[in-house]
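Participant: Would you mind keeping the following structure in view while I ask a few things?
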Amino acid sequence: MFELKVKTRFAGAHRLTMVGQKCENLHGHNWQVEVCVKGPKLNDAGVLADFGDIKKAVRQVVDGDLDHKYLNELSVFEGMQPTSERIAVYIARQVQALLDENLPEKLQVSRVMAWESEDACAIYYPD
Ligand SMILES: Nc1nc2c(c(=O)[nH]1)N=C([C@H](O)[C@H](O)COP(=O)(O)OP(=O)(O)OP(=O)(O)O)CN2
Ligand SMILES: [Zn+2]
């Protein structure tokens, strides 16, 4: 099995209730996002997939849907708190859909890490 990882980042704002009192105030983070994909075999070029194709999918989701947004107002988080855990789940599902649609290789998103600071990160492992 091979695994590749790409990174990107986005700025977003949110408010969280029932997490920590200071989190109830509107505030922002510069999230760093790491996405890992895995697959069993290399293609004829000797790669699992082109890093560029994976970055493109990740950036499409992160830049297109999340960057410079007030996350609580996004329909994808309607009725939910936009925690780092849920951000990681959202990115994993959207990136998987784009990879399935656009890449010939059979790849699985294996992990998404959403770092909301240098010290704190939520990691999601899709089933
Ligand atoms: N499991 C989670 N815990 C928390 C989340 C989260 O998404 N998942 N989010 C927050 C808030 O976003 C909060 O803004 C960050 O809180 P915290 O890390 O405690 O605050 P600081 O960045 O100021 O870090 P300090 O180390 O306290 O200075 C909270 N928890
Ligand atoms: Zn926060």
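Here the Cβ of each residue, glycine as well, is placed from N, Cα and C on the backbone.
In case it's useful when we look at the structure, here is the feature table from TrEMBL:
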type     : residues            : note
BINDING  : His14, His27, His29 : Zn(2+) binding site
ACT_SITE : Cys23               : active site, proton acceptor
ACT_SITE : His68               : active site, charge relay system
ACT_SITE : Glu116              : active site, charge relay system
Participant: If one measures from the C-alpha of His68 (active site, charge relay system) to the C-alpha of His29 (Zn(2+) binding site), what distance in angstrom results, rounded to a whole number?
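Facilitator: Their Cα atoms are separated by 10 Å.
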Participant: Which of the recorded positions His14, His29, Glu116 has its Cα closest in space to the Cα of Cys23 (active site, proton acceptor)?
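Facilitator: With Cα distances computed to Cys23 (active site, proton acceptor), the winner among His14, His29, Glu116 is His14.
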Participant: To the nearest whole angstrom, what is the C-alpha distance linking Glu116 (active site, charge relay system) and His27 (Zn(2+) binding site)?
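Facilitator: The separation of the Cα atoms works out to 12 Å.
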Participant: Which are the residues of the chain, His14, His27, His29 excluded, whose CB is within 8 A of where the CB atoms of the Zn(2+) site average out, their centroid?
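Facilitator: For the Zn(2+) site, the extra neighbours are Gly12, Ala13, Arg15, Leu16, Cys23, Leu26, Gly28, Leu71, Glu116.
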Participant: Please report the number of other Cβ atoms within 10 Å of the Cβ of His14 (Zn(2+) binding site).
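Facilitator: The answer is 22 other Cβ atoms.
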Participant: Hey, does DSSP put His68 (active site, charge relay system) in a helix, a strand, or just coil?
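Facilitator: Reduced to three states, the DSSP call for His68 (active site, charge relay system) is coil.
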Participant: In the structure shown, which of the binding-site residues His27, His29 has the fewest other Cβ atoms within 10 Å?
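Facilitator: Relative to the other binding-site residues in His27, His29, His27 has the fewest Cβ atoms within 10 Å.
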Participant: Of Cys23, His68, Glu116, the active-site residues given in the record, which has the fewest other CB atoms within 10 A of its CB?
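Facilitator: Among the active-site residues Cys23, His68, Glu116, the lowest count of other Cβ atoms within 10 Å belongs to His68.
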